[in-house]
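**Q** This is the structure, below, for whatever I ask next.
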C-alpha cells in the first residue's frame, strides 16, 4: 500500500479549516476558502501538496456523504411553498446559461461533450441561502430568500438529472437510436427504482424498526449507509455516477421515515462527517488540479465563461421570472442571489476531469468561475436588495409561518389576537374551559398535552415559525420548547420564565437556543388578573436609538411591575414578540401593557 | 485513480453488518463476526473480494478513529477504583503470555522481531466488558467486572506502550547503544509531549472555547480531528505508528475538557463513524489476508500459539492476582474473562504484516487465535463464575457507587435511610428546612437546584450509580433526570411520576432511558402524610416465581392506595429501588409500605 500520509491529511484539514473559517468570517461560504487554500497549497502556487490515492479515496467518500446530506436537506414541504416562482427562477437560471455556456465552448473549438459539461457547470446554482449572506443582508424573512432556496434546490435537482442523462450518452458514444433508448431507459429505470424504493420501502422499513422498538443510533446509521451505498451501486449499474445514488438516497431519508430523535442525530452525523471532515478534502484537492496558466493561455475563454455564467444566470432568471408576476426587479435580485456556484458545480467539473472529458485548463476555468461568481453574490445582492428596499418592493415572507402558543390563559389569547395579523396562530392547552374560550374567540385551538408529539403533530408544529410557551409552569414551558426545538425544528422558541427559586431557570434556555418572553422573569398571575379585570391599557413607545430588549427592560426597571412589553412593531407595522435575544432598532415601537 | 469500487465497499459493509449482528445475537463482540465474514468473503474461502487501495485507506482512517474512541472511553477515574487488582491482573495477564509467546516463535525458528509481535498479540486483552457477556452472566455489578474493565484498559495501554518501544527498535535495527538511546528518547519524548499537551493545553483550549461561547459542534469536531491527526503526525515523527497518536489524543479528550453536551455528541460521532462505518472495513479486510492453509502447513504452531495465549493469560493473571488477596479462584475467573483478543490485537498484527515483520501465515494464526480465544470467553467465564457463585465467592461491587436523591421530603429520607446500607447517599433539595432536617439525620445533603450543573457537580453526580427524582413536580423530576443522564451519565435513572393530566408523563421517560419509581404513577402527598403521622408499617413479601415489577403492581391493584413498593431485596440481602424496568427473581423480596 502506498504510504498513508498523515502529514498531507493534516495539512489539508488544517488548511480547509483555516480557509473555510476565514471565508465564513468574510461572509462567504466555506467552500470558497477551501478552493483557494487548495490552489495555494497545490501545484499551482506553493506545490506543497498534490493529489494522491489516499486523498482521492477520502474525497470520494466525502462527496458521496455530502450529496446524501444535500439530499436530506432538501425538504419537499418547504419547497412546495415557493415552488412556482422558484421553479421559474430555477429553469430560467439554468437553461439560459446552459445554452450560452454550450455555444461558448463550441465557439472556442471544444468538443460537444466538454461543452455539455461546461454548460451544466455554468447552469447550476449554489445554496447561497445556507451562507451568512442572507442573514447579513437581513433577507431571511423575505420572499426573495424563499425563492432563492427553492430555486437553488430545484436547480440542483435539475442539474443532477440532466447530468445523469448526459453521462448516459457519454457512455453510449455514437450509437444507433435503439442503443440510445436502451441507455436512456437504464437512467430512467434508476430514477424510477430509487424513487419507488425511497417512497415505499423506506417508510416501511422505518415503521418496522419503530415497531420493533429498535432505537440504536449506530444501527440506524449503518443501515442508512448501506442504503446509500446500495443506491450508489444502482446508479453505477445504470451507468450513472454514484453521487446521483447518494443524492436520491438523501432525498428520501427525510423527516418522519425514522424515529424523529434518531433522524436528527443521524442528520448531524452526516453533516459533521461530510462538512466537518471529508468533503473539505475534496474541495481542497480540487484546487490541486487547478493551473494558474489559464490566466495567460486561456484568458479570453476564462472571461467568456465567467461572463456567460453571470449574465446568463441573471438575465435568464429575470426573464423566466416574469410570469410569476413579482416584477423584473425582483427577478434580477433573485438572479444575483442565484449567481454563486458551489459544491455541485465543483463535483461535476471534477467528474468531467476524471473522465477525461474536460481538460485541466477547462477544469481550472470552471474552478475560477466558481470562485468569481461566489465572490460576486454578496456584492451584487447588496446592490439589488438595497434597490428593492429603496423602492419598497422587498416583500416579506416567512419560510415557516405562524405561531404556536402554549397556554390558553387570557394573556395567551391577548398575544394571539395581535399575532393573528401576522399569520396563523394555534393555541394548545390541557384545560378544557380555556380551550373552549379560545375557540369561542375564533382561534385554532387544540386540547392536549404539548409535551406529546401527537399533540404537536396535530398543531402542525413543523410548519410553525415561532413557539411561545406561556404556562405558569417553568418546567413545562421548557420541556415543551425542548420538544418543538428537537423534533419539530421550530426556529424561534420563546419561553415564559416565572421568578421562583429552584426548578428550571434562565440558564437552561441556552441549551436549546430559546429566549425568555418579555426579556425578564415574569409572574403570570398578576397580569392575568389585570387582563380579566380590564384594568389595563395598551401603550406604545417609539425607540430613538437602537437598544437591546434586555437594556430596554433595565431602563424601565423602576416601573417593572406596572408594565409588560409584549411586542416590537417594526417600521412596516409588523409585530414580533418581545423577548430576550432581540434588539429594537431606531424607529421601531415597543407595545406594552400598563 | 484506481476505480473507486462501490460494490466492494457495499459488500464489506453489508457483510460486516450481518456478521457483527449475528455475533452480537450469539453474545459475542461484533469484531468476531466481522473477522469471520472477512475470511469467508476474502481469498481464503469465496474469493469475492480482496484488499485494494480504497479499502486500505478507509480501514486506516477507521482504526485511527477507533483508537481515538478507545482512548476516549478510558476513564482514569473509573480505572482508579480497581486500579490495584486491575493492575495486577493486567501485568500478569500480559507478561506471562508475552514471554511464552516470544519463546514459542523462537522455538519455531521465527525471527526475534516476529516473536516480539506475536508476544504482544498474545499479551493484549480485548475489552470483553463492552460485550454482552457480562450482562448475560449478570456480572455487571461484581468486583470481577470491575477488575476486568480496569485490567483490559491497563493492558491495552501497556501493550501500546511496549508496541511503541518495539517499533522504535524495529526502525533502529542493529545499531549501537547511542543510537538506541536516541530511538528510545524519541518515543519517550513523544509520550511526554502528547501527555503535556493533552494535560495542559487541551483544557486551556477548552476553557478558551467556552469563554468565547463557541458551541458549534462541527467546529469542535473538526478541531478535535486536527488534534488527533496532529498527535498522529507527532507519533510518526517519533518513528511510532499513528495509532499511538490517535490513542493518546483520545485519552485526553475526556470529560470536562470541552462543554459537556458537545463532548457527548462528539463522542457519539466518533463511535458511529468508527464502529458503525470505517472500523468494520478494517476488521473485514483483515480477514482478506488470512489463509486457511495454516491449518495444514502450520497446525502445530497454530495450536501452540493458541494454547500459549489461553494458558499464559489465565495462569499469568491468576498468579499475579494473588497479592490482591482476593483469592486464586477469582484470579482464574478474571483470567478467563481477559482471555479474548480483539481490536488492538488485530490492529497490531495488521501493522506487523504490513511492515513485513510477520508472514501471512503468522498473521493468519494470530487472527484465528483471536477468534478462538474470543469464542472461549463466554464458555470459560460461565464455568468459572458459576463455580464462584456456588462457593459464594462472587463479590458485588458497583462501578459507580451510591445514590443521588432529589427531594428531601420524608419519603426521600425514608428511602435514603435504607439505601445508606448500600453505599453513599446524597440528597438534593431547594428547600432549606428539609435539607436541615436531612443533615440532622446525618445525610450528605446539598441545598441547591438539581437542574444546575454546579449543584450536580457539588453532589459528585459523575460518581453516582443511581438517581432518584422524588419531588412532587413531574417536570422537575424529568428535567433533572435528563440532566444527570446527558451530562453525568448516571446509568440508573428513576423518576417519580405523579398522576396528573398534561405535563410530563410516562412517555417522556423513554427518551432518556429512565424508569418510573414504584413502577406506577404515584401521588407523593398521601404517603408523606402517612409517614409523618407514623401511621405506616414496613412489610416484605417473598416472591415465588419471577415476575416483572409492573405485573407485581398489577397483581396488587386492589390495594393500590394502601401499599407502596419501595425496594427489592435480593438473595444476598441487598436492596435496590422498586421501579418499572426491573424484574423480581424467585426468592427475592419486595419491601413495601402499608
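Using N, Cα and C of the backbone, Cβ positions are placed for all residues, glycine too.
Automatic prediction, not curation, is the source of TrEMBL annotations.
Quick paste of what TrEMBL says about this protein:
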- B:400-518: domain 'RCK N-terminal' (DOMAIN)
- B:6-23: transmembrane segment (TRANSMEM)
- B:30-49: transmembrane segment (TRANSMEM)
- B:55-72: transmembrane segment (TRANSMEM)
- B:84-105: transmembrane segment (TRANSMEM)
- B:111-133: transmembrane segment (TRANSMEM)
- B:145-167: transmembrane segment (TRANSMEM)
- B:179-202: transmembrane segment (TRANSMEM)
- B:223-253: transmembrane segment (TRANSMEM)
- B:273-292: transmembrane segment (TRANSMEM)
- B:299-322: transmembrane segment (TRANSMEM)
- B:362-381: transmembrane segment (TRANSMEM)
**Q** Express the predicted model's confidence over the domain 'RCK N-terminal' (B:400-518) as a mean pLDDT, rounded to an integer.
**A** 82
**Q** Provide the three-state DSSP residue tally for the domain 'RCK N-terminal' (B:400-518): helix first, then strand, then coil.
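**A** Here the numbers are 52 helix, 24 strand, 43 coil.
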**Q** Per the 3+ Cβ pairs under 8 Å rule, pairs at least 6 apart in sequence, do the transmembrane segment (B:6-23) and the transmembrane segment (B:223-253) touch?
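**A** By the criterion, they do not touch.
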**Q** Answer with yes or no whether the transmembrane segment (B:179-202) touches the transmembrane segment (B:223-253) by the criterion of at least three Cβ pairs under 8 A, sequence separation 6 or more.
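**A** Stretch pair touches.
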**Q** Looking at B:55-72, B:84-105, B:179-202, B:362-381, which one has the highest count of Cβ pairs under 8 angstroms to the transmembrane segment (B:273-292)?
**A** B:55-72
